[in-house]
Amino acid sequence: MRPLAMLRWAAVALALALAALLVAAPAAAFYLPGVAPNDFQKKDQLLVKVNKLTSTKTQLPYSYYSLPFCKPNTIVDSAENLGEVLRGDRIENSPYVFEMREPKMCQIVCRAQVDDKQAKELKEKIEDEYRVNMILDNLPLVVPIARQDRDAVVYQGGYHVGVKGQYAGSKDEKVFIHNHLTFLVKYHKDETTELSRIVGFEVKPFSINHQFEGQWNDKNTRLITCDPHASKLVTNSDTPQEVEAGKEIIFTYDVGFEESDVKWASRWDTYLLMTDDQIHWFSIVNSLMIVLFLSGMVAMIMLRTLYRDISRYNQLETEEEAQEETGWKLVHGDVFRPPENSDLLCVCVGTGVQFFGMLLVTMIFAVLGFLSPSNRGGLMTAMLLTWVLMGLFAGYASSRFYKMFKGSEWKSITLRTAFLFPGIAFCIFFILNALIWGEKSSGAVPFTTMFALVLLWFGISVPLVFVGSYLGFKQPAIEAPVKTNKIPRQVPEQAWYMNPAFTVLIGGILPFGAVFIELFFILTSIWLHQFYYIFGFLFLVFIILIITCAEITIVLCYFQLCSEDYNWWWRSYLTSGSSAIYLFLYAGFYFFTKLQITKLVSGILYFGYMLLASFAFFVLTGTIGFCACFWFTRLIYSSVKID
C-alpha cells in the first residue's frame with residue numbers, strides 16, 4: 001500500500017472514530033480552569049445534581065436513585081464524557097432546588113414508604129458505609145469534620161447514607177438513615193455588580209424521626225420536629241430515624257448561605273489540600289533529594305570508570321597486550337547479536353514508547369492546568385485519547401528495532417504491536433466489567449461506551465501503528481558500531497552476584513524507591529476517593545523515575561559486560577522493569593493495611609486493576625532502561641578502536 005493511501009485511510013478512520021466518540025460522550029469538551037465562572041443574582045435558581053453512591057469498602061458505585069430517595073418529577077441524566085462513564089459517574093438532577101442567598105428552613109422534600117426490599121438495600125448500603133455525592137455549580141458536596149488533634153477542619157467528599165447505633169439503655173444495634181440535610185452554600189460577592197459566585201458547598205447530615213400533626217399534605221404539612229415558625233430546628237440526632245420495612249421516612253433539608261473571601265479561581269484549593277499534612281510533603285521532597293544524590297553519585301562513578309577503561313583500551317599497542325586484556329571490549333563481536341525472541345522485545349519496546357508518550361503529554365497538560373479537577377473524567381479521557389494517538393510512535397519504534405534485528409515481515413510486527421498489550425488490557429477490563437455488571441453497579445461500562453473504546457482502538461490506534469511502522473521500516477536500518485562474529489562467544493561462568501535473577505530483582509528496587517511515596521498518594525486518591533491534583537510533584541517524580549531507571553540499568557549492564565556476558569538485551573529490559581514486581585507487592589501491602597474491603601468481588605477488582613497497572617509500569621520502566629542501555633552500549637563500543 002502506498003504511503004499516501006495509508007495516510008488517507010488513517011485520516012478517514014480517525015474521523016469515524018472521533019465521531020463515534022462524540023456520539024457516546026457528547027460532553028467531552030475543552031475546559032481551561034478559570035474561564036467559565038457562573039454569576040448568580042439574588043433569588044436565582046441553584047440546581048443541585050446527584051452523583052453516584054460510593055464506598056471505600058466495596059469500590060462498587062451505585063446510582064443515587066437505586067435507593068428510595070426522593071425523586072424529581074422527571075429524572076434527567078447529565079451529559080457525561082468518556083472518563084466520567086469509565087469512573088462510574090452517573091450525574092442526574094434532584095429535587096433539591098435552592099434560591100441564591102435565600103435561606104430555607106425545614107423544607108420537606110418528600111415522604112417515602114420503605115418496603116422489605118428497599119429496607120434491605122438501605123441497611124446493606126449503610127453497613128458498607130456508602131456515601132452520597134452531590135454537585136452544585138460543578139463543586140462536589142463535602143462534610144466538614146473538626147480535627148481532634150489540632151484546631152483545624154478537614155473535608156470529606158459526600159455524606160454517609162446512614163449510621164449504625166444503639167438506643168440509650170439498649171444493646172441491640174440498629175440502622176439509622178440520614179434524612180435531614182443542613183446545606184451551607186458559600187459565595188463570593190462582587191461589590192460593584194452584586195453578583196455572586198459559589199465557592200463552597202457543605203452539608204451536615206442528621207437522622208431524625210419526623211413527626212407531624214393531622215393529615216399529611218405534601219404542600220402544607222407542618223412538622224412537629226422541625227418547624228421554623230416555632231423556632232424548632234434540627235441540630236442533633238437524639239431521636240433518629242430507624243430503617244425498618246413498613247416505616248415512613250420524611251426527607252427534609254435546610255439551606256444557609258455564607259459570604260466568603262475565597263475567590264472563584266481559588267475555590268478548589270480547599271478540596272485539593274483537604275487531607276495532606278505538611279510532613280507528607282517533606283517526606284516526598286526528602287526522598288527525591290536522596291534519589292537525586294544517589295543518581296548523581298552513580299553517574300559520576302560511571303563516567304570516571306568508563307573514561308579510564310576507554311583510555312586504557314585505546315593505548316594498547318601490542319597484540320599480546322590486547323589478548324591479555326579482559327573486560328567489556330572482549331565481547332565486542334557478540335554484544336550486538338540479536339537476542340532470542342527479538343520480535344517480542346520489539347513489541348514491548350514499541351508499547352513502552354506509547355506509554356511514555358502518553359504519560360509525558362498528559363502530565364505536561366495537567367501541570368499547565370488544562371486538566372482541571374472540576375472537569376470530572378477529563379484526566380482519564382485525555383489519557384485514552386493520547387494513548388491511541390501515540391500508536392504512531394509505537395509502530396515506528398517497534399519497526400525500527402525489528403529492522404535492526406534483520407526482520408523482514410513488518411506487517412507481522414505491526415499487528416503484534418497494535419494488539420498485544422491492548423488485547424491483554426481489554427480482556428482483563430472486560431472480565432472485571434462483567435463482575436461489576438453482575439453486582440448491578442453503575443460502575444459497569446455500558447455497551448455504547450465499550451463500542452466507543454473498540455472504535456478508538458481499531459479506528460485510530462491500529463491505523464496509526466501501521467502508519468508509524470511503515471514509516472519506520474522505510475528508514476535505513478540502525479547499524480551496529482562493531483561487526484558481529486558469526487560464531488557466538490562462550491560466556492564464562494558468572495559469579496553468584498551476577499546471576500540474571502539476582503541482578504534483575506536488585507535493579508528494580510531503586511526505581512520503585514523513587515516512586516513509592518507518591519504511589520501512596522495515588523492509591524489513596526483512587527481507592528479512598530480523595531482528590532489528587534499534585535501534578536507538579538508527580539511530574540518531578542516521573543523525571544526522577546526516568547533518570548533512576550536509566551542509570552541503574554546502565555550500571556548493571558556495565559558490570560555484566562565486564563564479566564564478559566553479552567546477553568544484555570532482555571536483561572536490560574527486565575532490570576528496570578522488575579520494579580513492577582515491587583509495585584504489585586506494595587499494592588498488596590496497601591490492600592491489607594489501608595483498605596477495609598471485605599467482598600470477594602471487590603478484592604478481585606482491586607487486584608485485577610493493580611495487576612493491569614503493574615503490567616503497564618513494567619512495560620514503561622523496562623523500555624526506559626532498555627533504551628538507555630542501548631544508547632550506552634553503542635556509545636562505549638563506538639569510542640574504542642577495534643582491530
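FYI, residue positions are counted from 1 along the chain as it appears here.
Glycine is no exception: its Cβ is also placed from the backbone N, Cα and C atoms.
Unlike curated records, TrEMBL annotations are generated automatically.
Per TrEMBL, signal peptide is recorded for 1-29. Feature annotation from TrEMBL assigns transmembrane segment to 281-303, 344-371, 377-397, 418-438, 450-473, 494-527, 533-561, 573-592, 604-632.
With Cβ pairs under 8 Å as the measure, the transmembrane segment (573-592) is packed most heavily against 604-632, out of 418-438, 533-561, 604-632.
Between the transmembrane segment (604-632) and the transmembrane segment (450-473), fewer than three CB pairs separated by 6 or more residues in sequence fall under 8 Å, so the two stretches do not touch. Sequence-distant contacts of the transmembrane segment (344-371) (same chain, at least 6 residues past either end, Cβ-Cβ under 8 Å): 31-33, 378-379, 382-383, 386-387, 390-391, 393-399, 401-402, 405, 407, 413, 416-417, 420-421, 465, 535-536, 538-539, 542, 569-570, 573, 616, 619-620, 622-624, 626-627. Counting only same-chain residues 6+ beyond the ends of the transmembrane segment (494-527), those with a CB under 8 A from a CB of the stretch are 56, 59, 276, 280, 283-284, 287-288, 291, 294, 534, 537-538, 541, 544-545, 548-549, 552-553, 556, 559-560, 563, 565, 571, 574-583, 586-587, 590, 594-595, 606, 621, 625.
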